[in-house]
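Asks: A single structure is presented below for examination.
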Amino acid sequence: MAGANGDILVDMRNIEKSYGGVHALRGVNLSIRRGEIVGLLGDNGAGKSTLIKVLSGAVPYTSGEIVIKGRPVRMRSTLDAIANGIETIYQDSALVPQLSIARNLFLGRELRKGPRFLDRLDLDRMNGVAAELLRRVGISKNIPPTTPIGSLSGGERQAVAIARAMYFESDLIILDEPTNNLGVAETQGVLRFVREARDTGHSCVFIAHNIHHVFQVVDRIVVMRRGTIVSDDLSPRTSSIQEVEDIITGEPVAA
Amino acid sequence: MAGANGDILVDMRNIEKSYGGVHALRGVNLSIRRGEIVGLLGDNGAGKSTLIKVLSGAVPYTSGEIVIKGRPVRMRSTLDAIANGIETIYQDSALVPQLSIARNLFLGRELRKGPRFLDRLDLDRMNGVAAELLRRVGISKNIPPTTPIGSLSGGERQAVAIARAMYFESDLIILDEPTNNLGVAETQGVLRFVREARDTGHSCVFIAHNIHHVFQVVDRIVVMRRGTIVSDDLSPRTSSIQEVEDIITGEPVAA
Amino acid sequence: QEEGARTFYWISHGAPADPVWTYFLQGAEQWATDTGHSVNTSFHSGDVPSHQEAVRAAIAAGADGICSTSPDPGSLVDVVAEARAADIPIVNFNTSDEAPDWNAYVGGDLLSIGRQWAQYLVDNQLVQEGDFVWMPVEVPGASYGVEEERGIAEVFEPLGITWEVTDATLDQAEIITRMTDYLTANRERISAIIGLGDLVTGSVQRVFDQAGIPAGEIPVVGWGNSLDTTQAVMDGYVNAAMWQDPQATSYMCLSSLLMESSGIPIGFDVLTGALYEAETAQLYHGIMGGQ
Amino acid sequence: MANSTSALPAHPPRPGALRAFVSKPEFGPLVLLVGMIVVFTSINPAFLSLTNIGNALTFTVELGFIALAMTLLMTAGEFDLSVGSVFGFAPVVMWTLVNTGTMPLGLAFLVALLLALGIGLISGLFVTRLAIPSFLVTLGMLLVVRGTALWLTDGFPQRTWNAGEQWLAQVLVGEICMGGEGVGCAGGLRIYMSLIWFAIIAVAFHYLLTGTRFGNWIQATGGNPGAARNRGVKTGRVKIILFMLSALLAAFAGAISSIRVSAANPNSGTGYELEVIAMVVIGGTVLTGGRGTIVGTVLGVLILRLMRNGIVMIGVPGLAYNIFIGAIILGMMALHSGLERRHNPGT
Amino acid sequence: MANSTSALPAHPPRPGALRAFVSKPEFGPLVLLVGMIVVFTSINPAFLSLTNIGNALTFTVELGFIALAMTLLMTAGEFDLSVGSVFGFAPVVMWTLVNTGTMPLGLAFLVALLLALGIGLISGLFVTRLAIPSFLVTLGMLLVVRGTALWLTDGFPQRTWNAGEQWLAQVLVGEICMGGEGVGCAGGLRIYMSLIWFAIIAVAFHYLLTGTRFGNWIQATGGNPGAARNRGVKTGRVKIILFMLSALLAAFAGAISSIRVSAANPNSGTGYELEVIAMVVIGGTVLTGGRGTIVGTVLGVLILRLMRNGIVMIGVPGLAYNIFIGAIILGMMALHSGLERRHNPGT
Ligand SMILES: Nc1ncnc2c1ncn2[C@@H]1O[C@H](COP(=O)(O)OP(=O)(O)OP(=O)(O)O)[C@@H](O)[C@H]1O
Ligand SMILES: Nc1ncnc2c1ncn2[C@@H]1O[C@H](COP(=O)(O)OP(=O)(O)OP(=O)(O)O)[C@@H](O)[C@H]1O
Ligand SMILES: [Mg+2]
Ligand SMILES: [Mg+2]
């Protein structure tokens with residue numbers, strides 16, 4: 001929460017993004033400090049998902065600059081983001097339905113054993129870690145980690161995506177509406193995880209429409225409307241839920 | 001809210017459902033009265049979606065009986081449900097991404113004009129109604145009703161599904177986590193719609209993990225856990241949020 | 001192109017990868033080199049509509065003459081009439097078809113070729129009354145096999161000899177496999193084999209080897225326009241094979257067109273074909289470039 | 001603001017008609033077609049002669065019938081490999097019935113079409129009821145139908161000599177000579193009735209796909225079958241009808257072709273399935289279903305057939321024919337992908 | 001309870017090994033294969049004779065090589081129609097080089113394989129970089145490759161008579177006669193080295209698909225390309241490698257086949273693409289990607305090839321051959337779908 005420059009982990013400057021005719025981001029500036037949980041709020045279509053997709057390399061941006069730990073970075077693909085310590089849990093299409101829970105968890109960074117070039121998947125270890133993570137994230141039912149994702153309920157899937165971010169502790173963890181399909185226990189698991197992450201020095205961007213969830217964890221609230229950031233230094237300690245909701249819907253500004 | 005038998009719209013008796021090895025519903029009994037909004041709560045995997053899929057004919061049930069307006073009905077497909085006045089907004093796969101908003105809205109019950117056998121889609125009327133509905137459900141941006149669903153944001157899609165149920169006013173409207181991806185304004189639109197529906201004599205089943213939303217509209221709360229109904233006559237007027245959450249997570253029962 | 005060079009079209013219903021058609025094509029190309037006129041060639045793999053379309057394209061392009069095979073008896077009546085109406089000479093080659101009003105025919109008489117094979121088997125006492133003859137063909141229903149089968153039937157039917165045509169496909173590995181399967185299953189029953197196409201006759205040696213049948217145990221006759229077959233005849237796997245003069249057929253067809261387009265009408269057909277045995281096989285082997 | 005939303009619901013604001021046109025999925029194929037015609041004509045001006053146009057269109061529309069039905073089927077998320085064999089089978093049946101004197105041509109034509117409907121019905125039932133991939137079902141059907149045609153005729157082609165005089169033949173493929181004279185309609189444009197039938201069916205199918213309820217169902221069935229079923233769309237029935245339609249049009253095309261070329265060979269139509277699917281895909285219909293365009297298919301049909309005609313016209317050597325066809329397909333697709341990218345830079 | 005969850009993570013409770021076996025996707029094809037063998041043998045006992053088994057397996061494994069690679073490619077969500085033409089092209093190149101004395105067999109073999117890798121690379125680049133459907137790319141490639149083979153040889157088959165003596169030929173397709181004697185290995189079982197190669201590659205690919213990181217990526221690429229890309233999987237590279245692998249194995253199979261049958265015909269391999277895809281699909285790999293099984297493919301290869309062998313062995317009339325093949329495919333698929341349904345009644 002200190003304002004020193006060295007504390008800034010990610011700095012997005014004047015980001016623009018158009019989808020064909022739709023101007024989804026209109027010059028967005030956003031910095032995220034180390035160990036800070038930023039809540040990103042805004043109505044449907046405000047551009048939240050687009051902004052974090054730009055940051056995680058999933059979508060190319062039209063113009064603008066991204067600086068990470070003081071170094072300008074060109075985000076060309078998700079690999080660039082992962083290499084820079086950014087881990088993302090997407091709102092959609094985050095998992096492969098045909099693969100098992102464990103294989104999904106480790107997709108892209110599989111555990112391996114055996115000599116180089118003849119290495120093989122260390123399925124035992126992957127399954128073991130997966131089972132442990134499922135428990136940590138609060139899935140109470142006894143789901144074996146070899147179950148294909150396709151046969152899980154919507155909430156169970158979301159929990160698996162969360163478990164993945166827990167394991168690969170990155171500098172910045174982005175969660176796009178992670179509590180969306182979750183029940184009470186699972187939601188508490190996610191919020192607990194976000195707090196844990198902050199306490200161990202990681203930063204988080206947390207997107208959610210449920211303001212109650214946002215208020216429970218974040219340090220700072222950023223509100224977007226129609227592709228721009230309309231407010232970026234609200235604190236849940238100083239603002240009320242009603243005030244934030246009004247800013248989101250644009251009531252006081254329009255009135 | 002009267003207990004008279006004539007008021008019962010739907011009566012599900014001893015419904016059982018297994019997916020291969022998974023026993024998703026274990027003898028569920030649920031009645032829904034006319035003009036009543038039932039909130040269906042429960043943790044992930046509790047069986048909520050399965051129960052309402054059985055009721056709307058999307059999934060065959062293993063055993064049990066469904067009585068609608070006093071007549072026993074065999075639900076073989078969604079057509080049976082639609083014919084019996086049951087309209088459902090599913091949690092997943094409710095829309096066709098390639099089709100326009102208007103075409104999705106009217107899918108299955110398209111508006112037509114022209115002589116019989118040579119009838120054609122009345123696209124003008126469909127687009128007109130769609131635009132009006134989008135406005136009513138609270139999508140503030142100017143989205144033309146000819147936009148394909150695939151290019152909408154997650155929340156915008158959900159709003160379209162809601163708009164559909166608004167239009168085809170049925171005896172019973174089932175909403176499976178309808179507010180999931182919705183922003184503040186859109187959520188209020190949905191809740192307003194649910195209230196409107198009740199006030200005009202329709203029944204609703206409303207599933208949501210956000211208890212705040214549930215408490216704002218429902219007349220009665222039904223809680224499921226592991227395939228059974230553990231509580232079916234809580235009222236938001238007499239119980240607190242905390243009490244209901246405890247029942248959902250099973251704390252007081254287990255303790 | 002030099003002054004006075006003419007353009008001829010050479011249109012075949014064959015498959016470009018059917019080896020015998022390569023020899024036909026060679027004749028056409030040789031002719032173009034020798035005379036300095038240009039020849040546009042195309043293959044249509046037995047597809048009648050596309051064959052017709054090519055003939056009409058040639059008419060539209062104002063060809064000086066057209067050499068065309070007949071993909072199916074009767075299928076070219078109209079287009080030939082159109083060519084004639086447009087004053088473009090059109091000569092039939094390789095597969096004869098009486099129905100259209102061609103300027104002439106150059107090639108073997110398929111009906112008589114079928115008759116010759118059957119007669120060869122009968123005359124050399126390789127088959128007797130009541131025997132069974134196996135006739136594999138690459139493309140069942142294609143005109144060549146059909147005409148040949150008619151000729152064969154003229155000889156065999158009165159003698160009560162039965163036969164079966166089987167589908168061998170145009171693919172060498174598949175041909176060998178299917179023929180081996182069939183031989184393994186029916187070895188006792190088969191008195192003789194007539195290969196209704198060049199690929200099947202050319203595969204006989206490999207099939208016998210694969211099925212463990214010594215050369216000569218089952219008599220074989222059939223088409224002989226490939227090095228494989230001339231070799232097989234010399235090695236005793238095939239008793240007699242039919243030479244079709246493929247290069248010459250194309251060459252003669254184009255020459256007759258050139259003559260016709262210069263105002264000297266051709267009023268006669270040119271018939272080709274010779275049945276050869278082991279003694280003369282070397283001659284045809286040489287023509288096709290074998291040692 | 002609420003007012004402006006509902007005032008213009010059916011007509012979204014257009015950023016210039018040209019731009020809207022360019023962003024249509026049919027724009028790419030159209031550019032390809034025009035480019036191809038220009039290139040061929042510049043090499044051999046006879047390519048654009050009336051005679052050649054009339055000639056090229058003849059066979060084009062016969063494959064085109066199949067492509068039209070295939071477009072609908074592919075939009076619903078399935079495809080049919082058996083069309084080529086039905087194309088060969090139907091005329092064989094028809095002419096066998098006529099030549100054996102069993103029935104007159106008109107009746108035999110109907111019987112052939114009915115058999116084709118039966119074939120489509122069986123394919124459709126296998127795909128929808130037994131949930132077998134259409135690839136396997138229609139491959140199996142291809143073999144059965146082709147085999148039956150061979151077995152029925154013992155491999156002998158059916159003769160169709162005097163078809164030309166029959167009224168049905170006139171209705172289906174009668175010649176119309178515009179401006180020319182004599183046997184080959186020299187100097188004029190000769191078209192067949194089949195071209196007119198093609199135009200009628202293309203317009204009807206375009207209308208069916210975009211303007212009717214059934215068309216909406218077709219797109220929904222291919223786009224998201226689960227959602228369609230949940231809305232009460234009988235996706236199984238939609239698919240079965242389209243399988244029947246595809247077999248029907250293949251049989252119709254086969255009958256027309258057999259009358260025109262005066263030949264009913266059990267082998268005809270071999271390999272058409274891949275060419276027809278290629279036409280549909282080039283036109284912009286996606287292989288996996290949900291999006292289909294009849295206009296695109298008409299363009300795709302013209303592209304692939306005119307390409308074959310043009311290659312013969314400009315005198316490519318016979319053995320190199322396939323290289324050219326293949327290279328042009330690859331090159332055109334690369335161009336197409338370039339066009340798509342340019343006017344849609346966001347994604 | 002938390003304890004019991006983490007105690008057995010790798011081994012979910014098994015409700016009986018038999019039941020687990022029955023619910024495997026390979027169970028259906030296995031039942032079909034066994035049933036087919038029983039039926040054919042009961043009609044003609046010679047079906048199970050050593051000579052016939054040896055004979056039937058020979059060509060089977062050559063198609064099998066292609067099917068193995070196609071399984072991986074299809075699991076990644078693409079397919080390759082050009083394998084048949086590469087099967088014909090590679091040996092033509094190889095033998096042209098040998099017969100013109102340009103280089104010895106071993107080197108020519110390598111050159112042919114390298115060319116095939118190049119072909120696969122181009123297909124892969126077109127599909128991944130230009131986002132053209134693999135149907136069109138590989139159809140175009142089919143025509144180009146087939147055309148090139150024709151043009152290279154002027155259509156003449158290449159002679160390969162004396163291949164048998166070369167060491168490479170021995171390594172690839174040397175004969176092994178077990179228990180028999182004489183030319184045809186009478187009375188014994190004659191197998192070729194190619195069978196052993198097939199077994200090695202099948203085991204290797206099975207392991208690759210299920211036990212390695214690359215296998216995980218293949219499945220993810222086919223199952224949900226967006227998710228895979230988001231996790232840093234280079235889906236484009238995965239597909240390109242698999243296109244190259246599929247072309248490589250097609251060339252390898254073609255070379256082996258040409259040595260065995262002593263013929264390198266530019267036409268060979270025509271139509272293999274559909275047969276190979278059918279083998280893979282019958283084995284249980286899905287056409288749309290995400291799920292693939294090498295064991296199933298091996299069963300599918302055996303089913304389709306033994307069926308062809310068996311039909312001839314039991315003496316089906318020659319021209320009715322295709323009817324039977326098609327009908328058996330349809331019948332088996334219906335049975336398969338029945339089996340699937342029985343052990344998975346919930347859905
Ligand atoms: N792939 C795409 N193609 C075209 N337009 C898109 C695409 N993705 C998003 N958009 C548009 O960009 C705008 C911003 O979308 P975005 O998904 O970022 O919103 P969001 O704030 O995440 O909304 P939600 O809360 O509903 O998830 C919306 O108007 C949306 O319609
Ligand atoms: N198609 C299916 N095949 C197998 N199991 C299934 C299937 N659909 C659901 N299940 C299982 O049935 C149980 C109930 O699932 P259901 O979707 O009804 O839960 P839910 O209460 O709606 O949960 P959520 O709040 O996460 O949506 C879960 O254990 C789930 O894994
Ligand atoms: Mg979003
Ligand atoms: Mg649910």
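Here the Cβ of each residue, glycine as well, is placed from N, Cα and C on the backbone.
Not my notes, these are from TrEMBL:
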type: TRANSMEM; residues: E:27-47; note: transmembrane segment
type: TRANSMEM; residues: E:53-74; note: transmembrane segment
type: TRANSMEM; residues: E:104-127; note: transmembrane segment
type: TRANSMEM; residues: E:134-152; note: transmembrane segment
type: TRANSMEM; residues: E:191-209; note: transmembrane segment
type: TRANSMEM; residues: E:238-256; note: transmembrane segment
type: TRANSMEM; residues: E:276-304; note: transmembrane segment
type: TRANSMEM; residues: E:311-335; note: transmembrane segment
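Explain the structural surroundings of these features, please.
Replies: Here the transmembrane segment (E:53-74) has Cβ contacts under 8 Å with residues 80, 83, 87, 185, 189-192, 194-195, 197-198, 201-202, 205, 208-209, 218, 222, 239, 242-243, 245-246, 248-250, 252-253, 256-257, 260, 272, 275-277, 279-280, 283, 285-287, 289, 292-294, 297-298, 300-302, 305-306, 309 of the same chain, all six or more residues outside its ends.
Within its own chain, the transmembrane segment (E:104-127) has Cβ neighbours under 8 Å at 78, 80, 82, 86, 89-91, 93-95, 97-98, 133-134, 137-138, 141, 145, 163, 166-169, 239-248, 250-252, 255, counting only residues six or more beyond its boundaries.
Long-range Cβ contacts of the transmembrane segment (E:134-152) within its own chain (Cβ-Cβ under 8 Å, at least 6 residues beyond either end) map to 78-82, 84-86, 88-89, 92-93, 96, 119, 122-123, 126-127, 266-267, 270, 273.
Long-range neighbours of the transmembrane segment (E:238-256) within the same chain, counting only residues 6 or more positions beyond its ends whose Cβ lies under 8 Å from a Cβ of the stretch, are 62-63, 65-66, 68-70, 72-73, 76-78, 80, 82-84, 86-91, 94, 109, 112-113, 115-117, 119-121, 123-125, 127-128, 172-173, 194, 197, 201, 214, 217-218, 221, 268-269.
Same-chain residues lying 6+ beyond the ends of the transmembrane segment (E:276-304) with a Cβ under 8 Å from its Cβ atoms: 25-26, 28-30, 32-33, 36, 60-61, 63-64, 66-68, 70-72, 74-79, 83-84, 202, 205-206, 209, 218-219, 221-224, 329, 332-333, 336.
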